[in-house]
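Worksheet: the structure to be examined is printed underneath.
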Amino acid sequence: GWAGGYPEIVKENELFERYYRELGIVPAGEWGDFMAALREPLPATLRITGYRSHAKEILHCLKEKYFKELQDLEVDGQKVEMPQSLSWYPEELAWHTNLSRKILRKSPQLEKFHQFLVSETECGNISRQEAVSMIPPLLLNVNPHHKILDMCAAPGSKTAQLIEMLHADMNVPFPKGFVIANDVDNKRCYLLVHQAKRLNSPCIMVVNHDASSIPNLQIDVDGRKEVLFYDRILCDVPCSGDGTMRKNIDVWKKWTTQNSLQLHGLQLRIATRGVEQLAEGGRMVYSTCSLNPIENEAVIASLLDKSQGALELADVSSELPGLKRMPGITKWKVMLKDGQWFEEWKDVPSNRQTQIRPTMFPIKDEEKLKAMNLERCLRILPHHQNTGGFFVAVLIKKSPMPWNKRQPKVHQKLPQRTEEIEVTAANSDNGSECITEEPTLAENEESKKAQELQNSDTEQSKKEGVCGPPPSKKMKLFGFKEDPFVFLPEDDPLFLPIQKFYALDPSFPKMNLLTRTQEGKKRQLYMVSKELRNVLLNNSEKMKVINTGIKVWSRNSDGEQFGCAFRLAQEGIYTLYPFIHARIINVCIEDVKILLTQENPFLSKFSSETQKKVKDMAMGSIVLKYDPDPEKPDDLQCPIVLCGWQGKTSLRAFVPKNERLHYLRMMGVEVFKAKRKEEESESKTEEEVQHRLAQTEEGMDVEDKEHDLVMKMEAEIGEESSHSPVESSAMEVENKTEDLDQSSKNANSHVSQESKDTDTSNVKG
């Protein structure tokens, strides 16, 4: 308990009640229920990631094992209700329970269930995400070919949903679409990387920009430069977060209308920048975890007003059946933190006109207001379905924005001047109007010279396949200096032995391979989709990329004697597997269990079929493939692909610990005690691990610097972490002791993944 600790926060705020009662956002007769719901802790919710073939197996495991064990359980005198699926989330892939996060973490009876959640979250198979936070990606209607921008993406739960939607068909290793996930906060970008990495996708790029001035990107289309417009944009803006009171109880004492008044301008600028970058016919979802119309309807109304018919609100009333929602409102007032109300802009005294802006008020023209269809917005109230509070609006772009009429395509080869494509917003009495600034003749001449110089540098770096970091001093001042992304040259001698050793298909897109080092030995090889390669090569001078690509091979000095210096990496195996035609061993389910429960098992322990296949194969990195047998319905019914190593007398799997536990659970193996034993053995070898870490520090991968930052970030947002050893990236000679082998796993990891118990919130900033 917390006896003698912090005093409990009183869940009362007179100004909050007065403000929302007056605005009438809660239906008559429901105010008591609304306030009572806000004072209750938020139920824990989880989402099963839907893009893997394993999703159905996880759902089966949850329903048949873990949920059944919760039946008739009492915790602190409170009966544990059976988890329920969210009626509006497709295919029963989202669930909620009356267990709060605190009870889940602290209760001994729930330790097994909690451990399952933490471990599966770390593998990327489950996302601990607030129910209302799942709504915006669903309303985007994403298809695998869509180019998507997530403008304010950290901490990344919605980004993860978008990535899953791109990979709806697991037989397509490289969907044509991609997600560019942006956040203004450099530190939070690393948390975003950490979340996205769990999904092992070659179609995600994390960038670090101010969303309100995120640069226009260009892509090469048949040898021409064209401005990149996005098919889908998620605009989940920073907000006051008063819809999160059930989870962030600090909001009770800190809430004031001032928060909304200060954020309104930023929210409008971000949303404006979003619709500028949206393709015609594209869809943008604007969302906040606030109930306040100043942050919601006022922003949407202002955006619709200045779009002059280029935008319209989509009617999504038939989407997500089962979701209880309130329509958007058309009338509201503005209140200062001292309780003073204003109904119209003309009533605002001049000394208050910096705090209150004209765009915060409802549109006066009744006809115009009616044509906006503000009732098509969605407001989610906490007491309707035991959730947080939330607001969503879905916008469709019918034509270019009025200030961008000449915008559509850029046909010149030279990089576009930022002055030509950036729009500056200027506030006026009628709202926020946007003006396109035309460069003067003299400026044009100057810019041509500057462009020629810049272009020669850019073209040179492009020839070498080197991307970034951007030359701008301003960008280098904040956060880490990012290492460049270097694409493998067409004739790189590194690739030939890899291609030969794994008998890679001629269709393998080797041009999409990259490293993070320009000089010295290449230690890791990553892979991106060809669409992201296009974005990287054409925008390195204007874009600060934090991370992209999925690791597919790791350098392994022991492998050179067997014909290939690079071993397969588990995180990229599902992307690589379709292209590999050699060194594949099909294994039965009993073999998989041995591989996942024993550290370095002798070949004699495996089935005779496996032993025969291994006999004629050279030592080195291998693929271990399990295919389900439809005639044995009780066995695991989803395929598994594992990276392994074949030694002289043994066969082993190189799989991160949480992923091992995941597969074992799916096969019905009890792992709860096994995990305890592993933790004990880990503590025994801690000194050896530290010694090993010191020895291998110089050979650490370029992204290891992210590890400490992710650790700090998770501590800051109050999440519980448990260390999990991750996949080794250097093969140990067979005769080394098991303890040293275990320590090598900890030593050379790409990003040391920390297990999280998180209910990710979308309160930004």
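We count from 1, first residue shown onward.
Cβ from N, Cα, C; glycine included.
Database features, via TrEMBL:
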ACT_SITE  CYS289  active site, nucleophile
BINDING   CYS152, ALA153, ALA154, PRO155, GLY156, SER157, LYS158, ASP183, ASP210, ASP236  S-adenosyl-L-methionine binding site
COMPBIAS  675-695  compositional bias 'Basic and acidic residues'
COMPBIAS  702-715  compositional bias 'Basic and acidic residues'
COMPBIAS  743-752  compositional bias 'Polar residues'
DOMAIN    34-398  domain 'SAM-dependent MTase RsmB/NOP-type'
REGION    423-470  region 'Disordered'
REGION    675-765  region 'Disordered'
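In this entry, S-adenosyl-L-methionine is bound by CYS152, ALA153, ALA154, PRO155, GLY156, SER157, LYS158, ASP183, ASP210, ASP236, whose most widely separated C-alpha atoms sit 20 angstrom apart. For the pair ALA154 (S-adenosyl-L-methionine binding site) and the residue listed as 'active site, nucleophile', the Cα-Cα distance reads 14 Å. If you measure from the Cα atom of GLY156 (S-adenosyl-L-methionine binding site) to that of the residue listed as 'active site, nucleophile', you get 15 Å. Cα separation, CYS152 (S-adenosyl-L-methionine binding site) to the residue listed as 'active site, nucleophile', rounded: 13 Å. For the domain 'SAM-dependent MTase RsmB/NOP-type' (34-398), the mean pLDDT of the prediction comes to 93. Rounded to the nearest whole angstrom, the C-alpha distance between ASP210 (S-adenosyl-L-methionine binding site) and the residue listed as 'active site, nucleophile' is 20. Of all the Cβ atoms in the protein chains shown, 26 others lie within 10 Å of the Cβ of CYS152 (S-adenosyl-L-methionine binding site). In this structure, the CA atom of the residue listed as 'active site, nucleophile' is 13 Å away from the CA atom of LYS158 (S-adenosyl-L-methionine binding site).
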